[in-house]
Amino acid sequence: MDAKKKDKLATAVIYILVGIVVLILAGILGNILITGVPHLSWHFLSSEASSYQAGGGVRDQLFNSLYLLVLTTIISLPIALGAAIYLAEYAKDNWITNLIRTTIQILSSLPSIVVGLFGYLLFVVQFGLGFSIISGALALTFFNLPILTSNIEEAIKGVPQDQREAGLALGLSNWKTIRGIVLPAALPGILTGIILSAGRIFGEAAALIYTAGQSGSTINYADWNPFSPTSPLNVMRPAETLAVHIWKVNTEGIIPDATIVSAATSALLVIVVIVFNLGARYLGNKLYRKLTAAK
Amino acid sequence: MNDKDKLKEVVDQAIADQQVPHVKLKKMGPSSVDIEKLTKPSKETHQEYWGKGLTYFAIGLIIVLVVSIIGFVGYHGLATFIDNHVNVFHFLTSTDWDPGEGKNHVGAAVMIVTSFAVTLLAALVATPFAVAIALYMTEYSSKKGASFLQSVTELLVGIPSVVYGFLGLTIIIPVIRTLFGGTGFGILAATLVLFVMVLPTITSLTVDSLKAVPSHFRKASMALGATHWQTIYHVVLRVATPRILTAVIFGMARAFGEALAVQMVIGNAVLMPYNLVSPSATLTSQLTSQMGNTVMGTLPNNALWSLALLLLIMSLVFNFLVKLIGKRGQK
């Protein structure tokens, strides 16, 4: 076979493989949305999950997922921001920094089940917090920190060096330059990073089954006192999220409409994640334009 | 005479002499300069210390976290061997997994073999696809096509792992069941689910590696009369190989640690797999399904922690391999 024929053949193979992957994705998305969306009714979103009958909803799971997402972001953002500023602005290029980067890389590649089990050991057992939202939020924070840190670091590093030099030339201290010039300029990137990691948190289940628990408690949505045991805001109650719900109804399979419930919940999860992804891109672009006056 | 007094003298002298004639220091007598204030760190310096301190604290927190994860899991994982006197060699090679029956029934070989099998197979299936997509994005397609595929891979990453597990359960398992008989659960199903899950990881890292190949390499090859494919095969892929390997290892690390999606389709029976469609168990699936059924501090529980430790060690090994290849690639 001569070189030209080989070239054509290779090109054809590459196009075929790409086509297969696009078809797989289309199939996955189509399947999730087609089987799930018809069951996504207001009733499904607003009623409690049933434990053994058909027709349950995901009201509490949806709330728990969102609440955990907010809590996790509140806890992990300051830490990730600090660590990212350190890595991008203060860290010298030496073996200590290398070691720190390796550590963060290790944390990011740890299986989420291991992170979840560590959370179980430390918070649920050792600190006696039990299966609770706060244990779950802390475990998710561990899971989230390395990715959020490197996303924010990238955003900070993307700010041109000139801007820092301008700040320093005005006599600002290093810290003031970072706070007043670098962080605002990096804001679009940071926001994108936060939203993208939010998508990951929203769909995570393995880190949660042994920290936030696999069952919900009775929630009274009229009670907004965070210290009341039935309040939705109470951080000490066990909480099942959407992703954990899918896993549970499929592995325990007590309710007769497990497939329908998981299809609808999957569709809900995927839609939320897509919205997060598109939102991150849109918001990032818009903020970037606003802050830099670029077209 | 100390430094402060010296400084005061110099300042006083300067004011008295008015050495800089165009800067009029009005209302400034020799005693009006506050030397204490001049020699103390400024407000900005304090802020700088605080700010820097905060960033140090944050990074320290992450390091403490990683160390304590390794410490805690290591401590509980080693308890099987130290407190319960299980033989490490036996643990790694025996297929007899029934920790409730005592220390001679703690063999994790089934989980180890199955975990490696699904990981290797998933990487083996995913790599050609990933390299093809990456090549298409960097060498063939227009910008539009590349950004379309970029969104495709981002979407695949974004889909939660339980959703993959659920799809495996409702689509892949029935297909395997009709094609091969049996229950449908097993390594094949897990491989197919993991294939889709690691594909975007390997793809995006491979794209980075291909983009890092300087374009004058391609031009030089074209100028020699090589075809597009010859250029790709002999030049671009050769240069990018170390980083593509890194990408594959990252994908394998993800496959090895994936818990719920695998647990949903592997079958969860601690049996040595004799073919691709016989139910089995992986390290992660065993942890996920059994951790809630054991009591802290007992042998069955410790044995599970040893599985977790094994996962942790493998994760460290994958990291080490990436570093190693990175170093070799630089040479």
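Just so you know, glycine gets a Cβ as well, placed from its N, Cα and C.
According to TrEMBL, the feature domain 'ABC transmembrane type-1' maps to B:112-322.
Within the chain carrying the transmembrane segment (B:53-75), a Cβ under 8 angstroms from the stretch's Cβ atoms is held by residues 305, 308-309, 312, all 6 or more beyond its ends. Per TrEMBL, the feature transmembrane segment maps to B:53-75 (among others).
Residues or ranges marked as transmembrane segment in TrEMBL: B:106-135 (among others). Under 8 Å from some Cβ of the transmembrane segment (B:106-135) lie the Cβ atoms of residues 80, 84, 86, 90-97, 99, 149, 153, 187, 190-192, 194-195, 197-199, 202-203, 206-207, 209-210, 232, 237, 244, 247-248, 251-252, 255-256, 262, 266, 270-273, 280-286, 299, 303, 306-307, 310, all in the same chain and six or more residues away from its ends.
Annotation source TrEMBL lists transmembrane segment at B:155-176 (among others).
Among the features that TrEMBL reports, transmembrane segment is placed at B:182-202 (among others). Long-range neighbours of the transmembrane segment (B:182-202) within the same chain, counting only residues 6 or more positions beyond its ends whose Cβ lies under 8 Å from a Cβ of the stretch, are 114, 117-119, 121-123, 125-127, 129-130, 153-154, 156-157, 161, 164-165, 167-168, 172-176, 247-248, 250-252, 254-255, 258, 261-262, 265-268, 273, 275-280, 282.
What TrEMBL records for B:244-266 (among others) is transmembrane segment. Sequence-distant contacts of the transmembrane segment (B:244-266) (same chain, at least 6 residues past either end, Cβ-Cβ under 8 Å): 114-116, 118-120, 122-123, 126-127, 130-131, 161-162, 164-166, 168-169, 172-173, 185-187, 189-190, 193-194, 197-199, 201-202, 205-206, 209, 237, 279-285, 287-289, 311, 314-315, 318-319, 321-322, 325-326, 329.
Sequence-distant contacts of the transmembrane segment (B:303-322), counting only residues of its own chain at least 6 positions beyond either end whose CB sits under 8 Å from a CB of the stretch, comprise 69-70, 73-74, 76-81, 84, 86, 91, 99, 106, 108, 111-112, 246, 249-250, 252-253, 256-257, 283-284, 286-287, 290-291, 294. Per TrEMBL, the feature transmembrane segment maps to B:303-322 (among others).
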